[in-house]
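Listed features, source TrEMBL:
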{"type": "DOMAIN", "residues": "450-507", "note": "domain 'Kazal-like'"}
{"type": "TRANSMEM", "residues": "25-43", "note": "transmembrane segment"}
{"type": "TRANSMEM", "residues": "63-83", "note": "transmembrane segment"}
{"type": "TRANSMEM", "residues": "90-112", "note": "transmembrane segment"}
{"type": "TRANSMEM", "residues": "171-191", "note": "transmembrane segment"}
{"type": "TRANSMEM", "residues": "212-234", "note": "transmembrane segment"}
{"type": "TRANSMEM", "residues": "254-274", "note": "transmembrane segment"}
{"type": "TRANSMEM", "residues": "341-360", "note": "transmembrane segment"}
{"type": "TRANSMEM", "residues": "380-402", "note": "transmembrane segment"}
{"type": "TRANSMEM", "residues": "409-432", "note": "transmembrane segment"}
{"type": "TRANSMEM", "residues": "549-573", "note": "transmembrane segment"}
{"type": "TRANSMEM", "residues": "585-609", "note": "transmembrane segment"}
{"type": "TRANSMEM", "residues": "639-660", "note": "transmembrane segment"}
Amino acid sequence: MSSTCGLGELFRPAWLQRFATARSFLVVYGLLGTIQSMAFIYFVSTLTTLEKRFKIPSKTTGFMMSGNEVSQVLLSLLLTYYGGQRNRPLWIAWGVAFSAASCFILAVPHFLYGPGSTALSLTKEFLSNHPDMNSTKLNKDDAVLCSSGSREESHCKVNDSVGEFSSVPPLLVFFSQFFLGIGTTLYYSLGQTYIDDNTKKKNTPMLLGLTLSLRTIGPAFGFFVGYLCLKLYIDPTLTPIIDQKDPRWLGAWWLGWLILGSVMLLFSILISCFPKKLPPKKTQVGVAVNNFKTPKITLEQEKNISNLEPVETFQITEEKQKAPALKDFPAALARLLKNKLLIINIFSGVFYILGGSGYITYITKYLEVQFQISAADASFIIGPTTILSMTIAFLGSGFLISKFRPRPVLLLSWNVVVGISFVIGELAFIFISCKSSSLMGYDTSNINKIQIINECNRNCGCEGVKYSPVCLPQQGTTFYSACHAGCTLSDRKANSKLAFRNCSCINDEIFEFDGLKKNFNDNSVYHGNVDPSITLENGPCNNDCYKSFVIFISITCIMHFLGSSGRIGNILVNYRCVDELDKSFAQGLSLLLISLLAFIPGPILYGYIIDSTCTIWDETCGEKGNCWLYNREDFRFRVNITAAALTFIGAVLDGVVCYLGKDLDLYTDNETEQKTEAKK
């Protein structure tokens with residue numbers, strides 16, 4: 001029964017046997033990869049929203065995301081050692097079930113704590129239930145306008161039970177990622193080797209290209225789902241009074257996890273139907289022809305299948321058929337650790353992933369900070385713009401490698417070229433910038449020097465007011481809040497957007513404020529004490545970053561194309577430099593080392609780097625939460641120079657792999673070799 005499709009031992013109908021083919025497995029496995037990558041990218045696209053909702057700093061985000069890698073470090077060797085020699089599709093199915101569970105766990109914080117008090121206060125429904133908030137003088141406890149008295153104590157009371165600064169949401173995210181790590185370990189390690197073992201070696205590059213390209217479609221759908229969910233307010237039943245450009249906007253980050261978890265459960269059932277090993281092609285044809293015959297004939301066919309001698313490609317010795325024993329584990333591990341080519345190839349991947357970890361984890365934040373793009377728009381734009389280049393690269397490289405079978409030295413040299421190109425691209429990102437709008441009270445020469453309290457707002461009681469930016473459109477200058485601008489009146493426009501006026505800081509005194517005179521060019525606007533005709537708009541001022549953004553996306557597409565074109569070569573090295581029996585185990589070792597040395601420290605490293613460039617933190621009751629405003633120049637320089645340095649080390653190690661693997665046999669199996677020799 002090891003070569004027939006079905007669920008368990010009882011449900012193995014004749015009509016299902018037509019799907020016991022490598023082609024069917026490729027379709028299901030590839031689509032499952034699409035869903036897996038969708039989930040990862042959806043997490044990335046909603047990450048900044050999650051940080052804002054629960055007041056989580058980026059360095060804590062790095063620790064949360066390490067749950068994936070912690071499970072891979074602890075379990076990948078054992079899972080791949082045992083799973084690689086048992087029913088791999090069934091083990092993959094269990095892994096997908098764990099991934100589905102991780103999706104549902106990620107949605108739990110929303111159902112535990114709701115949308116949060118800040119998000120609720122920014123809705124029409126809240127204002128209708130608090131009529132005093134519609135007057136020109138807002139309620140003292142929640143005001144953003146200039147009024148006497150401090151609001152710090154009231155904020156402490158408001159945030160006690162909504163999950164802000166609580167350790168529960170980060171812990172739930174960590175455990176969800178721990179479950180996800182089990183799923184990804186089984187999916188990647190066992191699935192690719194299952195394909196390689198059930199197809200001719202010369203076709204492996206093309207088939208890997210197909211599965212990788214299907215998996216590459218996932219990010220596009222993941223970003224799109226992120227875009228749709230983040231366009232909705234965090235509580236879709238409420239009507240917000242702010243738009244997505246406002247940094248206080250929170251999208252429905254939790255909604256996508258319910259969808260993705262349900263789809264994963266369905267695919268776990270589908271992939272569990274595949275047999276332990278696919279039957280030889282002759283047997284597959286026989287089953288397909290007799291699909292409509294009686295069950296008795298089908299059972300006889302099954303009996304005959306077990307007596308057939310497999311073709312040479314699928315031959316497995318008695319030694320390899322034995323169940324894996326724990327006593328053999330140390331010897332197998334020692335075999336792999338002594339394999340120089342394998343270890344250096346893995347470490348090359350470690351440094352490449354470390355170099356790209358900042359972009360992988362924080363790409364949405366990068367686009368928000370550098371190009372003033374909302375989380376929803378960032379999710380929508382970055383996916384489709386890179387998906388096409390990656391898909392073309394995977395399909396094209398897989399086809400070309402299978403057809404022309406370039407010498408290993410040429411194939412592996414290309415990876416060195418790719419690495420150097422990545423370094424050049426990351427260095428170029430340092431100079432792709434967007435003009436920053438001026439923040440009142442921010443001294444660009446010293447990121448720690450922010451003087452938002454001065455004579456014009458000293459009596460406004462702004463100490464407890466959170467970052468709620470307002471814009472002076474005439475000068476493109478942003479104030480920390482309407483309170484800090486000294487505004488005492490507010491109007492609600494037809495579109496429910498707030499506008500503020502009667503602002504005491506918009507007058508001649510503003511030029512006496514240290515370091516700010518350069519922000520104002522038209523002095524005539526500010527003659528007199530307070531000009532009631534001047535209004536401030538809700539939300540920060542935005543600059544036109546279109547040109548810089550297009551350049552950034554164009555370079556990103558080129559880098560993704562080059563990186564994807566070299567991926568298959570590295571995978572083939574891992575397969576061909578080890579014994580047939582050790583392939584799944586080698587993939588497990590690769591996952592362990594990459595997780596331990598790249599995926600765990602990478603997000604944490606970049607989280608610390610990004611946090612070090614923060615200008616304005618969310619602080620409540622002495623607790624530091626998420627960052628509201630970053631120094632763009634420092635953010636861009638520190639992230640990209642770190643990435644370039646780490647990627648360069650990876651390129652150097654790829655050069656060593658090229659030298660050691662120049663004589664590696666990447667394409668042939670015994671059958672192919674015999675045919676080649678006969679032609680000669």
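Each Cβ is built from the backbone N, Cα and C atoms, and glycine gets one as well.
The shown structure was predicted, so the numbers you read here are calculated from the model rather than taken from an experiment.
Highest Cβ pair count under 8 Å relative to the transmembrane segment (341-360), across stretches 63-83, 212-234, 380-402, 409-432, 639-660: 639-660.
Between the transmembrane segment (380-402) and the transmembrane segment (212-234), three or more CB pairs separated by 6 or more residues in sequence fall under 8 Å, so the two stretches touch. The recorded stretches the transmembrane segment (409-432) and the transmembrane segment (585-609) do not share 3+ CB pairs below 8 A when only pairs 6 or more apart in sequence are counted, and are therefore not in contact. The transmembrane segment (171-191) makes no contact with the transmembrane segment (212-234), as judged by fewer than three Cβ pairs under 8 Å among residues 6 or more apart in sequence. Counting residue by residue with DSSP, the domain 'Kazal-like' (450-507) contains 0 helix, 19 strand, 39 coil. Sequence-distant contacts of the transmembrane segment (639-660) (same chain, at least 6 residues past either end, Cβ-Cβ under 8 Å): 340-341, 344-345, 347-352, 354-356, 358-359, 362, 366, 409, 412-413, 415-416, 418-420, 422-423, 426-427, 429-430, 570, 573, 605-606, 609-610.
Confidence across the domain 'Kazal-like' (450-507), taken as the mean pLDDT and rounded to a whole number, stands at 80. The list of residues near the transmembrane segment (90-112) in space but at least 6 beyond its ends in sequence, with Cβ under 8 angstroms from a Cβ of it, reads 29, 32, 36, 39, 43, 54, 79, 83, 163, 168-169, 172-173, 175-180, 182-187, 190-191, 194, 234, 253-255, 257-258, 260-262, 264-265, 267-269, 271-272, 276. Under 8 Å from some Cβ of the transmembrane segment (63-83) lie the Cβ atoms of residues 43, 56, 91, 170, 173-182, 184-186, 189-190, 324, 329, 332-333, 361, 584-585, 587-589, 591-592, 595-596, 599-600, 603-604, all in the same chain and six or more residues away from its ends.
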